[in-house]
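K.L.:
Pasting in a structure now, in structure tokens, and then I'll have a few things to ask.
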């Protein structure tokens with residue numbers, strides 16, 4: 001007769017216990033069914049507004065629920081007894097299988113995983129702390145300081161464009177979606193004059209090279225030329241607010257700029273243009289003076305750029321060829337060259353140096369809308385795009401860019417310092433970055449809880465005449481900002 005092993009005996013014992021447990025459950029159920037209905041009768045005797053049949057049905061359901069819980073409780077007791085029996089048997093063999101040890105392998109794996117996570121967290125924290133220390137050291141020792149000099153507040157909507165007068169006195173001009181253009185005192189931040197002759201958004205502003213005349217382009221499908229005369233107020237000492245160029249603190253909760261501004265309602269207003277240019281069939285998005293100031297060029301959403309005589313308002317040329325809306329136009333400071341940019345991902349160079357013929361070159365270096373293309377003082381063109389890149393081109397060989405700047409946000413209307421050849425990039429993400437012509441990053445203008453733009457930065461413009469306030473930016477937070485950039489320190493650190 002074969003001898004029964006220990007494992008087989010244990011299995012048979014557990015089976016018998018489960019069988020007796022099943023019989024116990026049956027006995028319990030039969031006992032419940034046979035239990036006197038004294039408790040039911042007592043409940044039925046209580047006052048209730050429920051119908052008797054409904055009360056009876058509810059009592060039956062509650063009784064079934066009670067029996068199910070009782071069965072679960074009994075089963076739980078039986079399982080605990082089985083665990084205790086197994087622990088006693090395994091304890092004799094030198095092992096322990098209690099509630100914690102049953103998952104010993106899982107716990108060991110979990111502990112190993114937790115240790116790995118802790119190690120990774122420590123490494124990440126160490127790297128972040130090290131980077132923060134290095135950045136703080138760089139910011140502290142850096143001689144490159146970007147200082148906010150003045151804020152120009154008064155427009156009732158976003159500011160699309162800004163420019164500086166090219167004749168004395170030097171003032172700042174802004175073009176806004178509130179249908180107005182304004183002239184500002186650079187030193188005091190006061191509005192000196194408001195132009196309200198347009199019936200649509202004023203999309204750009206440029207000043208005549210030798211006379212006190214302004215050229216504005218508008219969403220009302222026209223461009224206006226208007227004269228201005230301003231008298232500068234007494235200057236005020238600038239506020240001493242210095243922040244490192246690498247400061248990057250979000251301030252999205254800062255209050256919006258006051259749309260009324262100081263003295264905006266008191267400044268003189270010009271409402272009638274000297275000359276109105278009306279040939280476009282769509283929004284005029286930009287306009288600029290050709291060298292000498294006798295002709296102007298306008299760019300429109302009707303996919304064309306027009307060349308006009310200023311004195312007669314005569315349309316001289318219609319420049320066609322772009323497949324989609326134009327976004328910007330710019331003229332060369334010393335030659336009769338025009339560059340137009342478009343949503344068709346291209347920009348075109350138009351040559352009017354020969355009066356009898358004008359040639360055109362098409363450049364396809366971007367993969368998204370070309371938001372602006374500008375000339376430098378030398379033989380370069382710099383183009384910015386919604387594809388988050390800026391490219392530097394050589395006019396003598398424009399088959400491919402000589403430098404490419406890759407950023408993390410769409411680039412809007414850029415500007416290049418004529419004397420220092422530094423590119424200022426305004427971004428959709430509220431940043432303004434400075435690069436040299438080779439694509440080396442020099443600085444980032446500060447954004448903190450006290451200063452900087454709170455919305456998309458639309459445009460930048462350099463001021464070559466004033467070292468105290470040599471860069472201006474504007475954005476859709478309804479304000480323009482004047483900055484002092486320590487250019488010599490930037491170039492030395494380069």
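Yeah, the Cβs are placed from backbone N, Cα and C, and that goes for glycine too.
Any TrEMBL annotation is an automated prediction that lacks curation.
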K.L.:
Examine the ranges 41-68, 69-96 and name the one recorded by TrEMBL as coiled coil.
P.N.:
69-96
K.L.:
When TrEMBL marks a stretch as region 'Disordered', which of 1-40, 121-160 is it?
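P.N.:
It is 1-40 that TrEMBL annotates as region 'Disordered'.
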K.L.:
Near the repeat 'WD' (152-194), which same-chain residues lie under 8 Å Cβ to Cβ, leaving out any that are not at least 6 residues past its ends?
P.N.:
200-212, 214, 216-218, 228-236, 238, 257-264, 267-270, 286, 413, 455-456, 458-459, 461, 463, 465-466, 469, 472-482
K.L.:
Looking at the coiled coil (69-96) alone, can you tell me the average pLDDT?
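P.N.:
For the coiled coil (69-96), the model's average pLDDT rounds to 83.
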K.L.:
Going by DSSP, how much of the repeat 'WD' (195-226) is helix, how much is strand and how much is coil, in residues?
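P.N.:
DSSP classes over the repeat 'WD' (195-226) add up to 0 helix, 17 strand, 15 coil.
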